[in-house]
Amino acid sequence: MSLTEESLARAALRSRNLMLGAALTLIFAGAALISFLWVPYDITQLDIANKIKGPSGAHPLGTDHFGRDILSMIMVGARTSIAVALVAVGIGMGLGVPLGLAAAAKTGSLLDEVIMRGNDLVFAFPSLLIAIMITAVFGASALNAIIAIGIFNIPVFARLVRGAALSLWTRDYVLAARVSGKGAARISVEHILPNVTNLLIVQGTIQFSLGILAEAGLSYVGLGAQPPLPSWGRMLADSQTMISFAPHMALFPGLAILLTVLGLNLMGDGLRDLLDPRLRRGAR
Amino acid sequence: MLRYALKRLVSLAISLVVASVVIFAMVEVVPGDPAAYMLGINATEETLNALRDQLGLNGTLLERYAGWVGGMLRGDFGTSYTYRTPVAEMIGERLWISLPLALFALTLSTAIAFPAGIWAASKRGSLVDTSVMGVTQLGVAIPNFWFAMLMVLVFAINLRWFNAGGFAGWDAGILPAMKSLTLPAIALALPQASILARVMRSSLLDTLGEDFIRTARAKGLSKRQALWRHALRNALIPVLTIIGLQFSFLMAGAIIIENVFFLPGLGRLVFQSISARDLIVVESVVMLLVFAVVMVNFAVDLAYAVVDPRLRVRA
Amino acid sequence: MSLLEIEGLDLDIHGAPILRGVSMSVAPGQIVGVIGESGSGKSMTAFAVLQLLPEGAMCRGRVELNGHDMLGLPEPSLCRLRGNEVGMVFQEPMTALNPIKTIGEQVAETILIHEDVSKRAAMARAREALDRCELPGDRFPMSRYPHELSGGQRQRVVIAMAIALRPKLLIADEPTTALDVTTQAEILRLIRRLVEEDSMGCMLITHDLAVVADMADEIVIMRRGEVVEAGPTAQVFAEMNHPYTRALFEASGHQPVREAQTQSVPLLQVRDAVRDYALPRNRLFAPQDYFRAVNRVSLTIERGESLGLVGESGCGKSTLTRAILGLEELQGGEILLDGAPVFSGHQPNRAVRRRMQVVFQDPYGSFNPRWKVARLVAEPFHLMDARPADWRDQVAKVLEDVGIGADAMHRYIHEFSGGQRQRIAIARALILRPELVVLDEAVSALDVSIRAQILDLLAALQKDYGLSYLFISHDLSVVRNITDRVLVMRAGEIVEQGKTAAVFDNPQNWYTKKLIEAAPVLPDHGVAGGGAE
């Protein structure tokens with residue numbers, strides 16, 4: 001009844017959600033990477049003569065109010081979105097996972113209590129509020145978005161890991177490791193962590209997509225990426241006053257966000273379906 | 001039950017105290033003197049000092065913190081640096097837009113999500129289930145402010161069913177006021193309803209797999225009866241958690257959505273205050289929102305105990 | 001005329017064959033025991049009778065309950081029969097009840113769903129049903145929630161739900177497997193009484209031959225989805241026509257060949273051990289209360305000895321085990337291995353811990369699923385200052401010794417069956433060549449035929465490795481067959497100890513007597529020898 005690596009790969013190929021999600025994600029990640037080498041038009045050059053043009057052969061997605069090519073803007077904007085979300089997930093995992101492991105290892109202790117109450121506290125600050133505070137104090141920048149979203153990710157991962165680790169700590173193999181003289185830190189790294197990686201992959205994908213949404217929202221209200229750094233949220237903010245006569249300016253950046261997030265979510269769901277039964281069967 | 005409530009209350013109080021310290025500390029690190037900012041460069045040291053006194057800016061860190069928190073407890077949120085009006089009044093006005101908007105959205109989201117989630121779970125694998133899952137997949141992925149812009153384009157600009165923005169005011173009557181909140185509420189509710197419907201569905205499916213459902217079926221209950229009488233209330237526990245969390249997302253989301261519809265709510269107030277560097281307003285609004293989120297989560301904790309008898313004794 | 005008639009029942013789930021040509025019948029007032037190991041299809045047969053099968057299930061054949069053709073009836077008619085003409089009791093009482101409804105509501109629901117009566121009348125009858133199941137109203141009001149009851153009490157509530165409408169047939173699927181032996185005896189007695197009072201037919205499903213030997217009128221032995229032998233209980237036990245029946249019988253009472261090798265040298269000494277747990281405080285500044293899980297326990301294991309420790313859940317045997325293994329510190333007394341303390345200066349003593357190892361109950365939860373067998377078996381080397389250079393050879397050797405073979409080293413644990421995993425667990429316990437091995441319910445989760453093989457292995461290894469065993473179990477028959485001496489533990493204290501045969505044949509303490517009386521026993525008149533597989 002066990003899945004080997006091979007059959008896991010086969011199952012992955014059969015999963016429509018996973019494949020569609022991975023394809024969408026790859027398209028946008030690819031666009032971001034390509035933009036470092038080549039974009040259809042230089043987005044730092046203004047071309048007022050060609051401003052607010054609808055989609056055409058020269059500009060497949062049209063131009064904005066400064067005459068910049070929207071396709072190029074979206075490609076470069078993908079860099080901002082992906083970088084912000086990726087670093088934010090990194091912060092969340094980097095701090096949240098050790099905190100969750102520590103809390104589970106010393107369950108019921110003061111450390112556990114402090115970590116969990118701290119988590120509750122952070123949960124009371126939606127990332128937007130954190131961003132508002134940081135911006136109010138230090139001014140707006142893409143870094144704010146990263147910090148705000150990253151801080152909000154910490155309790156997400158800490159809770160997830162603590163919950164999963166608590167049930168793993170009751171397993172006999174942990175007891176066997178203790179009989180072999182291993183301490184809590186060693187057991188957390190050798191026995192607990194490898195058995196929560198599946199969960200982390202799935203949750204990481206979900207937080208990544210939430211991060212992209214949050215970054216777009218923050219940039220839209222001016223708390224995130226600042227001009228001239230292109231970002232999807234800012235493009236939408238710029239398009240808002242022109243939506244009645246230039247709907248393409250709002251349509252394409254919005255679709256870019258929607259499809260990227262959709263791709264990541266589909267991939268997350270597909271990964272969960274793929275990894276979860278194995279997790280349940282393997283560790284019962 | 002009482003002990004459980006008290007215990008949650010203590011943890012609530014601690015959360016609020018720590019939150020207030022964090023917020024206060026952040027504002028404290030800001031360089032610059034609000035009094036100097038308000039009076040301009042020509043002000044004398046005397047008038048500056050007088051104003052600082054009036055704003056509660058003199059004194060030690062502890063005194064200022066105590067003054068701020070003490071004031072809030074009495075309903076005195078201080079004086080806006082830019083408008084020179086009491087912050088409490090400014091917030092009071094705006095709250096009458098933001099709070100109804102969030103509640104409107106929460107109601108909508110729950111009203112959509114519950115039936116959709118239950119329906120999908122009861123017909124697992126059917127066309128209904130697949131469609132609900134497909135639509136919610138899109139709903140989760142769509143940025144709500146973009147969805148709001150598209151709705152403005154379709155329903156306000158093209159069809160002219162709604163105004164593109166602005167708020168009719170409660171003086172104009174409940175219906176016009178609600179009408180101007182309808183599109184914003186839908187925009188806020190859609191992603192949350194999608195999340196909630198998915199949680200409802202998966203929680204119900206988990207519960208339907210429990211042993212006690214099999215017991216109920218062996219007693220002679222039909223699948224439908226087992227779902228309504230035994231699974232639903234048990235499945236509600238994770239759903240309540242999500243509703244609690246969603247409230248904070250709705251408050252935050254409202255701040256963004258108000259921007260799309262030019263609603264003069266808390267969100268607009270915050271952004272104006274940030275650009276005017278009116279930190280006392282920002283500080284107060286953030287504290288108020290944190291307070292609201294913490295209170296809602298407290299209510300959710302109490303709701304758990306109503307749903308689950310095991311919590312009433314455990315405490 | 002029989003009440004339940006199953007004839008040529010085939011069951012496939014998603015195309016995989018589960019049952020093949022199963023036939024059996026139950027008459028009113030008759031108890032039919034259905035016996036089999038895991039995967040024999042015994043539970044699926046029961047679910048097929050109620051037509052409560054998983055998705056993708058396909059039945060062929062005939063199932064007739066009191067004249068109703070169960071395979072042909074539409075779902076609404078089946079709902080009218082379930083709970084009304086046939087009641088069912090399940091294995092896991094802890095999860096079989098809805099946690100957020102009172103027991104009164106849940107029992108009354110059976111009545112309300114089938115009869116047009118007032119809630120009040122239904123509650124009155126629910127009370128009656130609970131009384132019949134020996135849950136008297138003064139101690140068990142209807143407003144109790146399941147979490148306020150013990151496992152045995154919950155099982156009584158499940159039974160009350162099943163018999164509230166006095167059905168003609170009661171199906172009990174391993175109703176006592178999750179319960180302690182004394183509770184098991186009470187529940188079995190209750191079922192027998194209800195069957196007699198109502199002249200119900202009863203289908204009793206179990207993996208334990210001894211349970212049905214005491215109580216069933218007829219038995220049906222199943223294996224891999226088929227019935228291999230059936231007939232009146234006494235006749236089946238006397239004849240044992242099918243080799244599998246013989247093998248099952250032999251394995252159930254299996255007695256490994258052992259030579260006494262106890263030397264009169266104490267290896268492990270536990271003196272006046274006390275273990276207290278802090279209880280959660282009720283009020284913020286209330287004084288700390290403690291629960292004494294182990295109360296001044298003393299015991300000695302001699303070199304080469306097998307010592308049994310029996311007791312029911314919550315008696316403190318697990319706590320004592322953890323203290324012996326140096327996982328938790330005592331609050332009083334001392335534990336010495338060969339004269340050296342297990343705990344010294346609040347730190348477990350590594351040199352001592354090297355000399356003892358443990359095998360746990362659950363062959364599935366005992367191994368990190370992400371590690372290969374070589375690494376799993378080598379884990380105790382952590383207790384050495386450095387892993388020996390030839391550790392791979394040592395792992396290979398010990399895997400050979402437990403009958404798994406060295407090529408297992410490069411495979412993951414999920415590639416092995418339950419019995420194989422338990423052998424690997426034994427290999428892990430032996431890798432440091434310890435003197436004492438603690439066997440914590442080490443064979444309790446295994447099917448009887450596998451259990452017999454593991455017991456033989458343990459006996460052989462004891463001789464080859466010169467081991468002492470501390471054998472902890474709730475299963476008295478196993479303890480009886482593999483230990484030299486036995487201790488009986490209750491409520492944190494040792495209530496009786498002595499030579500195994502002496503304690504079992506002539507128990508002195510009232511609790512020991514109760515335990516031994518409660519344990520179901522196999523009849524002696526089985527065919528001796530028997531064909532083992």
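The count begins at 1 with the first shown residue.
Heads up, the Cβ atoms here are built off N, Cα and C, so glycines get one too.
Since the structure is predicted, the reported quantities are computational estimates derived from the model, not experimental observations.
Feature annotations, reproduced from TrEMBL:
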DOMAIN    B:95-300  domain 'ABC transmembrane type-1'
TRANSMEM  B:9-27  transmembrane segment
TRANSMEM  B:95-120  transmembrane segment
TRANSMEM  B:132-157  transmembrane segment
TRANSMEM  B:177-197  transmembrane segment
TRANSMEM  B:235-257  transmembrane segment
TRANSMEM  B:285-307  transmembrane segment
Long-range CB partners for the transmembrane segment (B:95-120) (under 8 A, at least six residues beyond its ends), listed in sequence order, are 128-129, 132-133, 136, 167, 170, 178, 181-182, 184-186, 188-190, 192-201, 204, 227, 232, 243, 246-247, 250-251, 253-255, 257-258, 263-267, 288
State the residues, same chain only, that lie 6 or more residues beyond the ends of the transmembrane segment (B:9-27) and have a CB under 8 A from a CB inside it; answer 'none' if no residue qualifies. 64-65, 68-69, 279-280, 282-283, 286-287, 290-291, 294-295, 297-298
Let me spell it out: take the transmembrane segment (B:235-257), skip the flanking residues so only those 6+ beyond its ends count, and list any with a Cβ under 8 Å from a Cβ in it. 98, 101-102, 105-106, 109-110, 144-145, 148, 184, 187-188, 191-192, 195-196, 199-200, 203-204, 206-207, 263, 265-267, 270, 289, 292-293, 296-297, 299-300, 303-304, 307-308
Looking only at residues six or more beyond either end of the transmembrane segment (B:132-157), which have a C-beta under 8 A from one in the stretch? 116-117, 119-120, 163-165, 183-184, 186-188, 190-191, 193-195, 197-198, 201, 253, 256-257, 259-261
